[in-house]
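Shown next, in structure tokens, is the structure this report addresses.
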């Protein structure tokens, strides 16, 4: 028996949860949660926006802790997680599942990152109503914004979603879902005609209400010009030079987990980094200070 005058036992010291999972009572971040007004403010002030892909709770929480502002649950998971040869086979249910995983991780770690979910191939092509149903599914899974690929033909869909309260990130240049139609993973907008088309489509998407625009494998000079011209739609580049409003990389690429030939626009941030979080922090610093990407090395 415990003596009546015995001191009360000390509260148990919280211990790490098993299997590397996130503690449900993590210390809230001092940073304010990201929002569309804040992202527009960063763009207006010339502060670079950082984005990485993530597909599960732990990597998403680590990315947020490293200072990454936007997390993209990309359909690239089809290639880096599922082993597919393109993103075409990724389903809405797969995207919904991974979006929910990432959202859970961000919530449990009191994260501040802005979460974007990719609408996969075939989920917004049939009609605006189809796009709405599927965008709602990703928003209900925890996304703050949905992303869809395509040029001017998507403008009406973008407007339809925005009018119904769903923020949209558009995607021009190399659009991996249409890689077969494009003839492979090729730089887009190299000719005068192609550049003019990209400019027109970018303005159409901004006018439709797109709040962000990914530019993939677009010549650096063209990307910089588009960024200057789009006054209220920040551009996020991947293989598009350092003149965009922000940068995004696929998580596995920037951690050097690519067993094949590394894309030209990628830097392995694990080189010299003490940890995955350290690599992500190095990425954030490099984007913020303009040392990544380097046009002569990582762009066209």
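Residue numbers in this text run from 1 along the chain shown.
Just so you know, glycine gets a Cβ as well, placed from its N, Cα and C.
Per Swiss-Prot, the feature region 'Disordered' maps to 1-34.
Annotation comment: Swiss-Prot describes 1-12 as compositional bias 'Pro residues'.
The Mg(2+) binding site annotation in Swiss-Prot covers 75, 118, 149, and the record cites sequence analysis as its basis. Same-chain residues at least 6 positions away in sequence with a Cβ under 8 Å from that of residue 149 (Mg(2+) binding site) are, in sequence order, 171, 175, 176, 177, 178.
Summarising the annotation, Swiss-Prot assigns 3-methyl-2-oxobutanoate binding site to 75, 76, 118, 147. Of all Cβ atoms in the shown protein chains, 25 besides its own fall within 10 Å of the Cβ of residue 147 (3-methyl-2-oxobutanoate binding site).
Taking a C-beta cut-off of under 8 Å and a sequence gap of six or more, residue 216 (active site, proton acceptor) has these contacts in its own chain: 171, 172, 173, 174, 175, 176, 188, 237, 238, 239, 240. The feature active site, proton acceptor is assigned by Swiss-Prot to 216.
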### Query
Within 8 Å of the centroid of the Cβ atoms of 75, 76, 118, 147, which other residues of that chain place their own Cβ, given that this set defines the recorded 3-methyl-2-oxobutanoate site?
53, 72, 73, 74, 77, 87, 90, 95, 117, 119, 120
### Message
Please report the Cα separation of residue 147 (3-methyl-2-oxobutanoate binding site) and residue 118 (Mg(2+) binding site) in Å, rounded to an integer.
### Response
5
### Query
For residue 118 (Mg(2+) binding site), what is the secondary structure state per DSSP, taken as helix, strand or coil?
strand
### Task
Run through the Cβ atoms and count how many others sit within 10 Å of the one on residue 75 (Mg(2+) binding site).
29
